[in-house]
Structure formats: structure tokens, C-alpha cells
Amino acid sequence: MKSMTDNSPASPERRRFLGAATVAAGVTLAPGVMLVEVAHGRPEDQAASGAVRWGMLVDATKCASGCDECVSACSTENGWTPVAESKHPKQAPQWIRKLELQDPLTQQETNLPMLCQHCAEPPCVDVCPTGASFKRADGIVLVNRHTCIGCRYCMMACPYKARSLVHEPLNDTQKPDVPRGVGCVEACTFCVQKVDRGDGTTACVEACTKAGHNALVFGDMNDPESEISKRLRELPTKQVRADLNLNVGVRYHGI
Amino acid sequence: MASITFREVEGSSLKYWMLFGGIGLFVLFGFLSYLYMHHHGHVVTGMDNQVVWGLPHVFAVFLIVAASGALNVASIASVFNKPMYKPLAPLSAILALALLAGGLLVLVLDLGRSDRLIVAMTHFNFTSMFTWNVFLYSGFFVLVGIYLWTMLDSSVKAYTKVAGTAAFLWRLILTTGTGSLFGFLIARALYGSAMLAPMFIIMSFAYGLAIYLLVLAASYAWTGRPLGDVVMNRLRYLLAVFVAAVLYFVVVYHLTNLYFAKMHGAEAFILRDGGDITTLFWVGQIVVGCVLPLVILLTGLGKQRSWVLVACVLVILGGIAQEYVTIIGAQAYPLEMFPGMTMKSTFYDGVVHDYSPSTPEWFLGLGGVAIALLITTFAVKVLRLLPVSLDDATVAKLEH
């Protein structure tokens, strides 16, 4: 080591040391910073950011007939009873469902999951008398369990039939981070608990990917570098009931 | 102008208390139905995630619409200055308040979380028609209350016209609001039409007057007070005009829809393929609610009081059928998310939704009607709402 008096900024050795230290610090910290950046996880006291617009791409050409992995995964993650196990199927909540479409003329069939479309202009939010239906800054449409009075006006207003009323008392099916309750209306939350935890994806997307179909992509549509943005740029997609001009957060390819 | 003596009905006879008790029994059944539904959740009703508003909404909307219509008789007296209607006005105002109270009770007791009513009164979202209606209903109670006060208290009689005019304008806005509950819904094919607001106003004229006529005739018959043919005939022709106007609006509404290809499916469902809904439309709404009453009211049959009352009952039944078709019919028809495609899912997409109301729903709805009648029955006993006589001679003096 040189003497203290020789400690000038021009010292090449010191410059090398500082450089190495910076690189080392960078290597240590970067993954953490990057992860936070990529996954958009955020602390509880921080509000959702309007810079983000969560969205989903459904590639109906890859959605397999008869497969309902996304539906089961949603039910498991969010704690709602699968309709097949319900004693009251017509009254059972369904946050996501598989739709089978057929053109009666051409016989062409299409499969796709239908869920809350997380509209930028959500009719359910417009009609809710108490403001319990609301849209978060990051585009996720949710229902506040504490102020929903169960009037079901949002269910009348939703063009996608995406909402369900909890018709009977819930027993032990609830998950700690997914509050539900009898008499309240609920719908797909884009797995908001996972999003806020920083998972950066939803249960249905994970299940679809795991099953090898890759029909679903979730991500930040405002980030031009996100996978969903890239795919949306490449694939022609449509909005369901585009005539209503609701600017939905779920875009479909192949419909 | 001759003065009219108003007097309370005595209301101490066994008959009065039997009537009171009979209606009270329905109120009790309604309340028990509410407790049952509240305890078990909506799973015990016929409602589901397909038909989310059921029979209670049919009754609630019918009563709320009828409430504003019941005020018309008073409005004709105070706003349009027709002296013959002046003695009829106080009953009209109390009936309006009673029907609104009945309708609102059914509406709030059918909420999934009726225990959170306080939330509805403290959290407002002004893009919601429901929120606007909360204020329209409260305002109606206040304005009609003041109006009634100006009619009953001679010291504030000078303000009757002002209060009556305010209440009249308010009731037009209120029914516009009720119609817009449906008219502002973009999702369902049969809603989302500005036609619904004026149609609801004209429906309210007919339902309200029919109920008014029945209550008036019953109160006079049961208290032995004279009710002349002049009053009955005037109201009979008025009712005929209102019923004809309802029919006109219904025809125009459906003809407009039939012109648009995108509406063909929904219209075919209501008019031809809808099973019970179609039957309710043609038999209930059109024949029972409009055609038969018009035939009775405009022909020789209408000269007999009992037939006029039959026509009133038919208008009311037709009105309930009309609300049923409007509310349940529009929900039973599946949402068209992918026009031209057939749809299948576990969530009953693409299929017509069945709905059959459960017993508690019937009793909750009838409970609302009973509340309205109970309030009216009690009010005529404690307030001077009914003229001692409405015979032809007394009424003739009013107009000269």
C-alpha cells in the first residue's frame, strides 16, 4: 500500500480498486434490483402504479379443446369450489370458464377462457352504487369486500358475464390472501395477491404454460420490453365486444 | 268554489282490524322470507349467476314506478289546476309515499348484504344510476311529504301549488331514473335504450292510477261513503289514455328493435321463442295489461263500476307481467359476446336461462305490496285524507 499522502484521485491502483468494487457491488445487487424491476413486486405501503397496465394475451389457436387447467388452477389458487363439485352449479361462482365457440355456417370451432376483461372503462365500476367495484391504477378491476352490498348491478352491467355472487355461506374453502364472503360479488382478480407478491404472473397462465399449451401470456402491457407487449405487437388480436370500446385488458388471438 | 270536508276513517270496526291484520300477516310473511333469505344467502332463491335480479326486483320496480304514478291525481289538481281532482289529492300523495316505501323495502331486503345498508347511504359513486336513485327516492319522500303537509295544514295551504309542482317535476325525474337503471346498461341486448325512460314514465301513469282507483273505490265502499260516477268516469277515461300510451310505447320499442339485425335474436326470444316469457308478454303484458282494459274502459262495460275495477286489476297484473318481461326476460336471453357463433360453457353461456321464483321471493315481493297497503290503511285512519263525500253533487259544485 502507498502512503496516505500519495492518495491522489489520479492513482491508477485506487481507480482499479474502485472499479472492481463497483463491479462486485453491481454483480451482488443487480439481480435483486432487476428482479424487483421485472416482477413489479411492491411493498404493502406503496400504491399500485399507474405506469403499469397488467394484461393478458389469450392465443385461442393454442387453447386446447377439453383442457381446463386454467380453470382448476384459478379455483385452487383463489379458493372457489370447482363447479363440478358444487351442489348448486347454477349459483356457484366461476371466476374463469372455458368457452367453446362454433360458427354454425363453417363449423369452425374455437376454444378460449373467458374471465374478467379488466376493462380500462369498466361498466361494473360505473354502475356500482357504493364504489365497491373499482379499478386499480395498474388496471386490475377488483371488488372491495367491505363495501359491496350485493346489489348485483355490476353483474347486470358486465358484457362478459364475468362476475358471480356468492350465493351461500363459505365454509373452509377460503384462502388467507383471497378474502371472499356470502352476499358479495366477485370475479377474476388477475391473481392480485400473486401480482403484488411479485410473481409477475397468474395461476391460470402458470397452469397453461405448465401443461405445455402456452396459450396465455400475462404481463405489463405498458412495458414495451415485456413478453406480452412483444407478442401483442406480432400477433393480430381482438377485443371481445370491441363495439363497446371498453379498452379491455385481455386480448384474444385467433377469434 | 265549494269546500270539501275531509275526515279520517273511523277504523275501529272489526272489519277494519281484520283488514289491517290480514295485510299485516303478509308483511310478517315478507319479513320472515327476508330473514330466511338473509340467513341462508341467495342460494334459497331461484336467482343465480345467470338471472341475478329476480321476482323481488319485479315487485320493487313495479311498486316504485307505481308510486310516482299514484301522485298524478294530486298533480292534476295542484299543477294543472283541475278542481275536481283537489279532493282526490291527499290520498294520491299518501299512496305515492306508501308504494315507494314498499318498493324500496323489497329492493334493500333483497340485497346480498342487506345488513350493509348503511354503506349504501354513506358511500356514493355518482356515475351509478343507483346512487342517483338513492337521492331521487329520498327527495321524493321529502317533497311529497311537504306537499302532503301543505294539503293537510290550512296554515300552509298557500304553498300547495309550489310544493305540488316541485313534487310533480321530481316524480318525472325519479321515473326517468328508474327507467335509466336499465336504459344505462350497455351489456344486455334489450336494455341500453333511451326509450326505457319515457316508457317507464308512461307505465307509471297507468299502474299508479289503476292502484289509486282500486284503493279509492275500496275505501269508499268499505267506509260507506258516497263515491259518485263523475269521479269514476273521469278517472276511467284517464286510465284508458294512459294504458293506450303504454301500448304505443311498447309497440314502438319493439318495432325499433326489429329493424336492427343485431336485435333479431333478442326480439325473437321475447316475441316468439321465449316460452313463459313470450306467454307473459303476449297474454300478460299485451292482452291482460292493455287490450282487455282498453276494451272494458272504452265500451259500455266501463259504465259499470265493477268492470272498471276489474280493468284496474288487469292493468296491475299486466304491469307486473311487463316488469317481469322487462327484468327477467332481458336476463334470460343469453349475452351475445360472439355474435353469430354458438357458445357452450359450464357457466351456461349461449343458453336461455331458466328462472322460477321461490316461495320466499314471492312473499318478499308481496310483503312490499302489503307494506304499502298497511301504510295507506293506517294513514286514512289517522290523517284527514278522504273527503266525507265524493258524490256527483259535491263534485259538480267544485267545478263551478
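Backbone N, Cα and C atoms are what each Cβ position is placed from, and that goes for glycine too.
TrEMBL labels come from automatic prediction, so no person has curated them.
Taken straight from TrEMBL:
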- B:16-37: transmembrane segment (TRANSMEM)
- B:57-81: transmembrane segment (TRANSMEM)
- B:88-109: transmembrane segment (TRANSMEM)
- B:129-149: transmembrane segment (TRANSMEM)
- B:169-191: transmembrane segment (TRANSMEM)
- B:197-223: transmembrane segment (TRANSMEM)
- B:235-260: transmembrane segment (TRANSMEM)
- B:280-301: transmembrane segment (TRANSMEM)
- B:308-333: transmembrane segment (TRANSMEM)
- B:362-380: transmembrane segment (TRANSMEM)
The transmembrane segment (B:235-260) vs the transmembrane segment (B:88-109): 3 or more CB pairs under 8 Å: no
Segment proximity, the transmembrane segment (B:308-333) to the transmembrane segment (B:280-301), 3 or more C-beta pairs under 8 Å: yes
Of B:16-37, B:129-149, B:169-191, B:197-223, B:362-380, whichever stretch has the most CB pairs under 8 A to the transmembrane segment (B:57-81): B:197-223
Tertiary contacts of the transmembrane segment (B:16-37), as residues 6+ beyond its ends and Cβ separation under 8 Å: 9-10, 44-45, 106, 109-110, 114, 222, 359-361, 363-371, 373-374, 377-378, 381
Same-chain residues at least 6 beyond the ends of the transmembrane segment (B:169-191) whose Cβ lies under 8 Å from its Cβ atoms: 61, 64-65, 68-69, 71, 75, 96, 129-130, 132-133, 136-137, 139-140, 143, 197-201, 204, 257, 262-263, 265-266, 270, 326-327, 329-331, 333, 335-336
